[in-house]
Amino acid sequence: MSAWLLPAGGLPGAGFCVPARQSPSSFSRVLRWPRPGLPGLLLLLLLPSPSALSAVFKVGVLGPWACDPIFARARPDLAARLAANRLNRDFALDGGPRFEVALLPEPCLTPGSLGAVSSALSRVSGLVGPVNPAACRPAELLAQEAGVALVPWGCPGTRAAGTTAPAVTPAADALYVLLRAFRWARVALITAPQDLWVEAGRALSTALRARGLPVALVTSMETSDRSGAREALGRIRDGPRVRVVIMVMHSVLLGGEEQRYLLEAAEELALTDGSLVFLPFDTLHYALSPGPEALAAFVNSSQLRRAHDAVLTLTRRCPPGGSVQDSLRRAQEHQELPLDLNLKQVSPLFGTIYDAVFLLAGGVKRARTAVGGGWVSGASVARQVREAQVSGFCGVLGRTEEPSFVLLDTDASGEQLFATHLLDPVLGSLRSAGTPMHFPRGGPAPGPDPSCWFDPDVICNGGVEPGLVFVGFLLVIGMGLTGAFLAHYLRHRLLHMQMASGPNKIILTLEDVTFLHPPGGSSRKVVQGSRSSLATRSASDIRSVPSQPQESTNVGLYEGDWVWLKKFPGEHHMAIRPATKTAFSKLRELRHENVALYLGLFLAGTADSPATPGEGILAVVSEHCARGSLHDLLAQREIKLDWMFKSSLLLDLIKGMRYLHHRGVAHGRLKSRNCVVDGRFVLKVTDHGHGRLLEAQRVLPEPPSAEDQLWTAPELLRDPSLERRGTLAGDVFSLAIIMQEVVCRSTPYAMLELTPEEVIQRVRSPPPLCRPLVSMDQAPMECIQLMTQCWAEHPELRPSMDLTFDLFKSINKGRKTNIIDSMLRMLEQYSSNLEDLIRERTEELEQEKQKTDRLLTQMLPPSVAEALKMGTSVEPEYFEEVTLYFSDIVGFTTISAMSEPIEVVDLLNDLYTLFDAIIGAHDVYKVETIGDAYMVASGLPQRNGQRHAAEIANMSLDILSAVGSFRMRHMPEVPVRIRIGLHSGPCVAGVVGLTMPRYCLFGDTVNTASRMESTGLPYRIHVNMSTVRILRALDQGFQMECRGRTELKGKGIEDTYWLVGRLGFNKPIPKPPDLQPGASNHGISLQEIPPERRKKLEKARPGQFTGK
């Protein structure tokens, strides 16, 4: 089938003409018109000849414009239209066809892409596309059948044949030339999870393998996030060794998030150290220019800048001094593109779409010239495209002598791209551009592979003869097996000797441990209760008891010292596995003042040390601490714990966990019951590594109860496998819960009044977040903030144990916590007869302190007041946007003149008490009152997004409604009218002065808000345009009336508005008074003044009866 060019007029009355489809046999025949009859013949005689009419060639541009936002940024509509306009202008000079361009959407899923290709080929004479490689081969066959010229631009490895023209960008050829030049044969591909990129990866791997390269791995990111990137990179790291990783996804330079996550994950996994080269695939389809502009995405990410040092960018080349952005700028200057188009937001893929349309047009022109201006077929157009040479968007397209690709690399600073090599895929050449390549850390390029991979006539086996490879393989395997066997045997024998006897003995039996039973008790009863209750037993009592352990025995004597036994779950433990011995040996090597020492593994019930018949006891033996667990200590209310005591215990806990984390040990079971306190009140962490031992012994842990899980981090609650192993971030969360126990001296989450099951369910499945509540009077603010950081929902937001240690030390400002002094002080308090008096004075002091704190928080914001109490300086703070409220009393000067001073004070007190009660219901802050002026702000000191405008507007409506019914006690017949002005904008807030400090606001926003009030009217809320915009954006139904142009002193003339209500606001609003011509807007009229007060006013202000 052929694509014919018909006269644009078509048949009489037919309108625009589209390309007609003819059978193959019609090529040898003359196109026949339908018989028009006599009227038609007369009309045909009047028509000009077909050659005098322009013809139409309809081009379809197919791509995922609607489903992929980064493809849509190429503005394919503008690119295709610009190409068509220029083509029509140029072709009109030589009588060529007129081009029409149709933008056709291609779904991002493969099945939809095939349907889009089939539909497109029935509507156009030439097709640019598709993008999905899975649709490329079907598109070639369908285009061949339909006789439509096809110009692919997203199909790596496509060969020109039939009606299919060469690809606009020969991606596979260009990549092969680059890999051959550096002899990088072993490559791996990582694709984004979308169908389009998965198919592109498959097509590219097929094309590279067809050229003889050993593509080691083609993998896809399962999800478009950091975890998906890490999993894909892990498969490459654990797979066969490769030199190059090709990233088949949107480039990070165009905003591709998948490639960003991939490079950041590669940096974290140390894969960007120079051992691998990362090549982006999509940059082969458009032209990037050297310079700093391309790296704008790295401005706020030093990690991404470092990772991109391992990336080489192969991209299409523009002529020297030219770029896609320059061409876009010239087109806009010539008004070929909209003037309001933001060129920086346009993807360089714009030029590729433009070039594809121009290449197709060049083929049409050459085909028409070859047949003398006649009609042409799709095959002839495709054939001529292969030989065409046209002027592209930023350079010459087709067969040129200049390289069509350029290799870009970053310098050592990673601040801009440099051209290092020029590449010609047609000639297969690569030559230097003058700038050397820079690899990470200034190291060399990855080593080359054998050259045989790039020689089609040689079967490549890595450059070594197969026989030698086989012999070497056998030798290496034999030596490795022999060495492994000897090492295992010697290690096993040595370990067995060390564990069985000597100072490093770890396997303990009944001959080593003496167990405790109460005097006179039966053999089945043992000591119950907390660890601290065992401290009263003497060594002689212990040694007099028969050595027969029972199931609940957990305390004994070993080498004259108290020991504690932590039993393994289950029964019938007849032997200790070698893996358990190895794991315990590593745990026993942990020595720290705040980590309980592991002494050995106790085993009873074997043939050598029989216990109760049918039972086998396996337990971890550790040092025993006389004071019991931290949980027991907190439960003993007779022990008074001040902050020094608490901070000492917490600091010991943090030190112990910090040591474990430095040794790579995640506790996983940290709770207050696993923190023990010795006789010197030193806290030690115990039960660490218990999960490792259970796993090595292949013992299933007992299912934890809800109460035992109160210390567990939310991510561990959601993943039981993580909960068994434990994580470092999970230990930080558990530490925060223990801090709450110590600070509040209560069980975890006790203040929430929920059952443990309810707490676990809420912690596991937010929102809302479920965390303990700690008041500021129970601990320093820094301690509460540290707790809040440690129990953050996301593990990566929690501080490390090192940072936690530094932050906690800073709470006491470097003072050392001496727990012995604290104990002595407490003992003195117990023995002193002044205890009651001290308690009474302390309570009085606390009450006075609370009064002072309340008074201070009424004068200053709580955060500022707290900072002043802590003795720290309060730095001024900049707020990007707040809303200010100003109001005053109309005619206040007149009212003051008619009133006694005490009556004025009563008036202001009554009015401001009313205002204060109203603002308590809104998220606002009262700044100050000066005379009759009342100033309120929202959005500071606590930011609340854009709600500040709505909060002030609602408060203003409530105040205005309340003032309507307010009356002065001494002049109830005189109305109290107020003027209100609102304005939004930035300001700076800070504390001014040391004596009677004030929290003041500064900035032009304050002046403008004051001007809005002073130019307002009685019973009116005067709103500036800045506040109106925010209220309209919030869309909460605020009703405003335009006042018109208003002159603001020092600001000029601006448009202002009246706020008159809000949808759903049903409170009455007083009606503004009617203004008489010539009357003042800011005073009280003579008629409103009572006669008895008017005389006083006449004496105070002769001849003046109105005014403020």
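Placed from the backbone N, Cα and C atoms, the Cβ positions cover glycine too.
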*Among Asn300, Asn954, which is annotated N-linked glycosylation site in Swiss-Prot?*
Asn300
*The annotated transmembrane segment range in Swiss-Prot, which must be one of 166-190, 466-490*: 466-490
*Least buried by Cβ count (within 10 Å) of the disulfide-bonded residues Cys108, Cys136*: Cys108
*Spatial separation of Cys108 (disulfide bond) from Asn300 (N-linked glycosylation site) - C-alpha basis, Å*: 31
*Cβ packing number for Asn300 (N-linked glycosylation site), 10 Å threshold*: 8
*Hey, which bits of the same chain come close to the transmembrane segment (466-490), Cβ under 8 Å, at least six residues off its ends?*
none
_Restricting to the topological domain 'Extracellular' (55-465), what is the model's mean pLDDT?_
86
*Counting by DSSP, what is the helix, strand and coil composition of the domain 'Guanylate cyclase' (883-1013)?*
54 helix, 41 strand, 36 coil
